[in-house]
Amino acid sequence: MEYQSSVENLDEDGYTQLDFSSRNITRRSVVSEKGLCAASSHWRLIAVTLGILCSVMLVITVVLSTSGIWRSSSGNNLLKSDSFPSRNKDNQSQPTQSSLEDSVIPTKALTTTGVFSSSCPPNWITHEDSCYLFSTLLDSWDGSKRQCFQLGSHLLKIDSSKELEFISRQVSSQPDHSFWIGLSRRQTEEPWLWEDGSTLLSNLFQIRSTVTEKDSSHNCAWIHVSDIYDQLCSVHSYSICEKKLSV
């Protein structure tokens, strides 16, 4: 049997035939398998890399979306809070008694012609039986009236020519400013009344008119230097508060 196998491998001249074809096929199959493994590893690396990139992009997208929603919600809440201010905010904007009493005219007239008394609150000056506060808070006539009320007083009421002279000395050092007093009227044709409802004495002083053709509703009064003028009640100006001297 061995002899027959050897004979089959001999050619016509008696040389042995080598089976190179089977070996070549085996080598090619091995090379092909190695190539497939290398290619598979290469694509697997690419797939893993792409998967990681997609995951990162997904995380970034989620974070940005969440941030955008939070900012939008915050913006809406801010608009709501600005559009509908709370009552506390309005209350905080109101002047306190301390700020009202501190807002006095810092002039020489106050220290030379006015007298500070322990019977009056700080920054108030004394004249006869009354205390006076010359406020530098700019407000309308109604607003100034409320400020004085908060301090337990009222807008200035002039009862005599002597009191008018005293007040004129205090405000004459402020020629650029006018001061609301407690004199007003409901209509142009109606009489001038003080806050307590009493009428203005005709022989005490005359009210100078500032009425123009465009606007005739000057129904509040202020003092400028030594004269009294009518004026629009909505105009913002300084004011004078008065209250009786404490015994």
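Any Cβ shown, glycine's included, is placed from N, Cα and C.
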Of the residues N24, N91, the one that Swiss-Prot lists under N-linked glycosylation site: N91
Segment assigned the feature motif 'ITAM-like' in Swiss-Prot (from 7-10, 15-18, 239-242): 15-18
C241 (disulfide bond) and C120 (disulfide bond), distance between Cα atoms, whole Å: 12
From C131, C148, C241: disulfide-bonded residues whose CA lies within 10 A of C220 (disulfide bond): none
Model confidence over the topological domain 'Cytoplasmic' (1-44), averaged pLDDT: 53
Tertiary neighbours of C233 (disulfide bond) (same chain, Cβ under 8 Å, six or more apart): S140, W141, D142, S184, N219, C220
Distant-in-sequence Cβ neighbours of C241 (disulfide bond), under 8 Å, six or more positions away: Y132, L133, S135, Q147, C148, L151, S153, H154, L155, L156
